[in-house]
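The structure appears below as C-alpha cells.
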Amino acid sequence: MVLSSELLTSILDEVRPLLGQGKVADYIPALAQVPADRLGIAVCTVEGELFTAGDASEPFSIQSISKALSLTLALTLYQEEEIWARVGKEPSGQPFNSLVQLEFEQGIPRNPFINAGALVVSDLLETRLTAPRQRTLELVRRLSGNPAIMADQVVARSEYQHSARNAAIAYLMKAYGNFENEVDKVLQSYFNACAIRMSCVDLARAFIYLANRGVPLGATTPLLPARTTKQVNALLATCGLYDEAGDFAYRVGMPGKSGVGGGIIALIPGELCVCVWSPELNKAGNSLAGTAALELLAERLGRSIF
C-alpha cells in the first residue's frame with residue numbers, strides 16, 4: 001500500500017475504538033490534565049515528504065522520547081567508550097524506574113533509555129556543557145526545523161516535586177561512583193528535557209537523522225556517524241519501549257522510543273520516521289492506541305526491519 005495522509009487517517013479511524021481502554025499518566029499531575037481523546041500521527045520520509053492525520057500538529061510532553069535526543073547529544077560530545085563505560089546496552093526487563101537491578105549491578109544502568117541510564121547521560125551532559133538545557137533545546141529546534149519549541153515549566157516543576165524515586169536512583173549511582181555532578185542540578189536538567197513539548201510533525205522530522213545514516217532533515221553533514229546511528233537504532237529496537245520492547249519488535253518491527261506523554265517515534269532506516277500520539281497508556285507505560293496504529297502502519301506498508 002502507498003503511504004498517504006488518507007492511509008494514516010484510515011489507520012486512526014481503525015484504532016479510535018481503543019480510546020477509553022488505556023489510562024493517562026497520572027503520577028505526574030500536569031500530565032493527568034491532558035485530554036485522553038487526542039490521537040495523531042505524522043510520517044516524514046528521508047526525502048522530506050510529510051504525511052499527517054488527526055492531532056498531528058498539537059504539541060505534547062515528549063517525556064522519555066527525550067532520552068534518545070539526550071543520548072544523541074552526548075554522542076556528539078564524548079567518545080563512545082566513555083559513555084558505555086558508565087551505562088550498558090542491554091534490555092532491562094524491569095520497570096523503567098527500578099532500583100533493584102541497579103543495586104544488583106552496582107550502579108551501572110542496563111541501558112540509556114531507562115531512568116537510571118538517562119540520568120547518567122544527563123550527568124555526562126552536565127559535566128561537558130555549561131548550559132545543557134539550552135543545548136538540548138537548540139538541538140531539537142534544529143532537527144525539527146521549529147524554533148518555537150519550548151519546555152513546559154509547569155510539567156518540569158511537577159515532575160521535580162515528585163522526584164523522590166529518581167533522586168534515589170541518582171544517589172545510589174553516586175554511592176557506586178557512577179555520578180559526577182550535584183544530583184539536584186542533574187535532575188532539573190533531566191526533567192526539563194522530559195518536559196519539552198513537540199508535535200508528531202516536529203518529532204517525525206526531528207528523528208529523520210536516525211533513518212538517514214545520521215544526516216538530519218535538510219542537512220548535508222551528519223549529526224552522528226552512520227555507524228553510531230546504526231548502534232543507536234539497535235538500542236532503540238531492543239530497549240526503546242521499556243519492558244515491552246520485545247512485544248513491540250514482534251508487533252511493529254521498527255526501532256522506536258516511547259514516552260509516558262503518549263508519544264512513540266519509530267523508524268525504518270533508509271525510508272522514514274513516524275510519530276504517533278495518544279495519551280492513554282497500557283500497563284507497560286506505552287501508548288495503547290499508538291502501538292496499535294504503528295502495527296497497522298507496518299502491516300499496510302509491508303515494512304519491517306526484520
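Yeah, the Cβs are placed from backbone N, Cα and C, and that goes for glycine too.
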Swiss-Prot annotation, substrate site containing S64, N115, N166, Y190, Y242, V260 - matching residue among E58, E159: E159
Local Cβ density at E159 (substrate binding site) - other Cβ atoms counted within 10 Å: 24
Lowest local Cβ density (other Cβ within 10 Å) among binding-site residues: Y190, Y242: Y242
Greatest C-beta neighbour count within 10 angstroms, which of the binding-site residues S64, N166: S64
